[in-house]
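Trainee: According to TrEMBL, the protein has these features:
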type    : residues         : note
DOMAIN  : 1-299            : domain 'Glutamyl/glutaminyl-tRNA synthetase class Ib catalytic'
BINDING : 88, 90, 115, 117 : Zn(2+) binding site
MOTIF   : 232-236          : motif ''KMSKS' region'
BINDING : 235              : ATP binding site
DOMAIN  : 328-445          : domain 'Aminoacyl-tRNA synthetase class I anticodon-binding'
Ligand SMILES: Nc1ncnc2c1ncn2[C@@H]1O[C@H](COP(=O)(O)OP(=O)(O)OP(=O)(O)O)[C@@H](O)[C@H]1O
Ligand SMILES: [Zn+2]
């Protein structure tokens, strides 16, 4: 799932009294059981629990459309008997040519209705020749389809603008327009929240349901989420997947708080848990204009989650290799540092290496600060550390007296020398966590350089 799909699922879960998960897998070329595994893993990770739906990728007639062919068949037959559906023998090539002709004469492409008047004889002859037809829904002429979209208000479509559309593919599988609408009706779906890319599908689906006398749900078409390139997020434009976000160490709660505010307004800017987000979710607060995904917003929520997480959560969030570096007796102090200085596990990993290993990477600005302070500063620091031992306050007093420096000139070279960078946790914590020998070695690094 990408963030657009995830937000659709989240809004459905936030809005609904009961949340249904259905696997729409009739397109055999695009459906694989590992996709279902990934989808379920993504939803579970987000903490979206469905009241009805599959627990795993084991196909099941209740929730997998690929298993529901016999159910759809009944409705195909009903439409055929009513004369509301007919066989179409046009080849993909023929359809493509017809499409191009329409486009080049400035018309919107739609099926011309070529096969809509075939006689029973013509149909059986073609079937005898071994041709495999699609089944098309016969769209009524000269009508309008109207509905009240819960986000976009009153909608009106002329049926003459809608070509007869395919409801069963040539391989016998059910097309989206059809099985999606049928299953909504059969599964008691009252509300469909989906992206506005589906808006034009809605009149088609309403026509099918009306022809079959099935109940029509209410629709809310939500504005799409756009990426930096100004195009809607999609699998194809490489927008970040939930799996990637999970691997980067984002907390689901950060994602929920960001997504719930993309195209939906909350009065409160605080971090909320799922229950609170749900209690305050309101369809009337959905916006009509496209929402832009900005990773800075996601990172803002991520930071709030990290700052408020408990020790156990942060301990479990660290990478295994990070946790392995941190000595047991320093774990609590290290987690405190992580909580107030890190947003991602790889930042925590860098701090673990700075504090508990000999790996030290000197950032350019830190190298400059250390060089400016010069050898004498670090010689004084070594003397101060020898005098003060584990007592950081005493160390600082000693350093101040010996160097005569204060403020930034006192702290920054020390920070640079001990950590290789100019930002980070308070110096006292660093001083206490660094092994005394390592601390010495780091300070000594800067004493052999001649200026
Ligand atoms: N950029 C987007 N912003 C918001 N919702 C989206 C976005 N893209 C898809 N959706 C919604 O996600 C739900 C699932 O859509 P679908 O499975 O077609 O995903 P998709 O990413 O559009 O697929 P594909 O990339 O194959 O077109 C639909 O409700 C759809 O409207
Ligand atoms: Zn045809």
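Yeah, the Cβs are placed from backbone N, Cα and C, and that goes for glycine too.
Could you give the neighbours, burial and distances for every feature on this list?
Mentor: Neighbour list (residue 88 (Zn(2+) binding site), Cβ cut-off 8 Å, at least 6 residues apart, same chain): 111, 114, 115, 133, 134, 135, 136, 164, 166.
In terms of DSSP helix, strand and coil, the motif ''KMSKS' region' (232-236) has 0 helix, 1 strand, 4 coil.
Around residue 235 (ATP binding site), taking its Cβ as the centre, 11 other Cβ atoms fall within 10 Å, counting all chains.
Under DSSP, the residues of the domain 'Aminoacyl-tRNA synthetase class I anticodon-binding' (328-445) split into helix, strand and coil as follows: 91 helix, 0 strand, 27 coil.
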Trainee: Suppose we screen the binding-site residues 90, 117, 235 by Cβ distance to ligand 2 with a cut-off under 6 Å; which survive, in sequence order?
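Mentor: With ligand 2 as the reference and 6 Å as the Cβ limit, the list reads 90.
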Trainee: State the residues, same chain only, that lie 6 or more residues beyond the ends of the motif ''KMSKS' region' (232-236) and have a CB under 8 A from a CB inside it; answer 'none' if no residue qualifies.
Mentor: 2-4, 195, 197, 224-226, 290, 293
Trainee: Quick one: which of the binding-site residues (88, 90, 115, 117, 235) have their CB closer than 6 Å to ligand 1?
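Mentor: The qualifying binding-site residues are 235.
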Trainee: Relative to the Cβ position of residue 115 (Zn(2+) binding site), how many further Cβ atoms are located within 10 Å?
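Mentor: 19, counting other Cβ atoms within 10 Å of residue 115 (Zn(2+) binding site).
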Trainee: Rounded to a whole angstrom, what is the C-alpha distance between residue 235 (ATP binding site) and residue 117 (Zn(2+) binding site)?
Mentor: 40
